[in-house]
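> First, the structure itself, so that you have it in front of you.
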Amino acid sequence: MPSAFQFQCHLVLIFLAASKGETRYLEVRDAGEDDPFLLLSEDLKRELSAGQIYRRSLRCIDMLSIEGQFTFTADQPQLHCATFFIGEPEELITIDYGFVNIDCQGGDFLKVFDGWILKGEKFPSSLDHPLTTSQRYVDFCESGNIQRSIRSSQNVAMIFFRIHQPGSGFTITVKKNTNLFPCNVISQTPSGRFTMVIPHQHRNCSFSIIYPVVIKISDLILGHLNGLLLKKPSAGCAGVGDFVELLGGAGLDPSKMFPLADLCHSFHGSAQMKIGCDNTVLRMVSSGKHINRVTFEYHQLDLQETEARKENSIEEFCFPSI
């Protein structure tokens, strides 16, 4: 049976809903029948390729993975609404306010969050984001015309809003921009291949896969000698400065996940790991002294896969949770 986190986060199966108690924190209210990702028809693809702007209404709880212009108009008081935006790993998301008709003095709000937040857990975590938590929020009622365009720092962003008066609402335009060096990423799919590069930057980058997966690292360049270390209480990569760690857990925030393995040194070859956790994260820590690069591929873990370990595999984790 799927766990609570899988029910919340498997993006092709569910809608995410706002918490009834905390306006900044989100939780699942119900599962939707519609696919939260917009599946493009051939006609729509032709329209978009011809340069036309895609337009549609927003639902109170929505998920968008496409550019366009989106309008929300309340037909009744809507007190717990959120829209989650996601792009490809190499894309940033820009949200432009258009027409906004809300009563800020009456308790309405419209806020953008740089990343995702779910039940108090953030992605990227506070350790991996260049802004403080308070700086990641942009409140229209506080900024108004001063900041009508907000760009995300990674491939995910969200808005959440409260509107009391029927007929009130807003229009936003969503655009995507190329990110030459993607850092923090949530994968749209349970399988794929990705190369993360941190070019002489002192920063931490996380790639999150909200599925149990088999992950295989095929190339790691850190400027060190070959080697691979499992995470142990008395061991790890502390003091190395540049390393990759694999994390697993049942939440969204990498800083709250369980460290499974450290890769402290460069290697060419293959290191494979089965991670049965609800969420799997590959996280690169970079001192800024090197051009660090890691290439990996992943696919959703098939529980019927053989349990026999391959020579280049390391420990399996979290299987009791799936």
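Cβ from N, Cα, C; glycine included.
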> So, in TrEMBL, which cysteine from CYS183, CYS237 is disulfide-paired with CYS205?
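Between CYS205 and one of CYS183, CYS237, TrEMBL records a disulfide, namely with CYS183.
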> For CYS104, what is the disulfide-bonded cysteine listed in TrEMBL, choosing from CYS81, CYS141?
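TrEMBL annotates a disulfide bond between CYS104 and CYS141.
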> Nearest to CYS318 (disulfide bond) by Cα, among CYS60, CYS81, CYS104, CYS183 (disulfide-bonded residues)?
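Ranked by Cα distance from CYS318 (disulfide bond), first place goes to CYS183.
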> Say you check the Cα of CYS205 (disulfide bond) against those of the disulfide-bonded residues CYS60, CYS141, CYS264; which is nearest?
CYS264
> Between CYS81 (disulfide bond) and CYS277 (disulfide bond), find the distance joining the two CA atoms and give it rounded to the nearest Å.
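CYS81 (disulfide bond) and CYS277 (disulfide bond) have their Cα atoms 29 Å apart.
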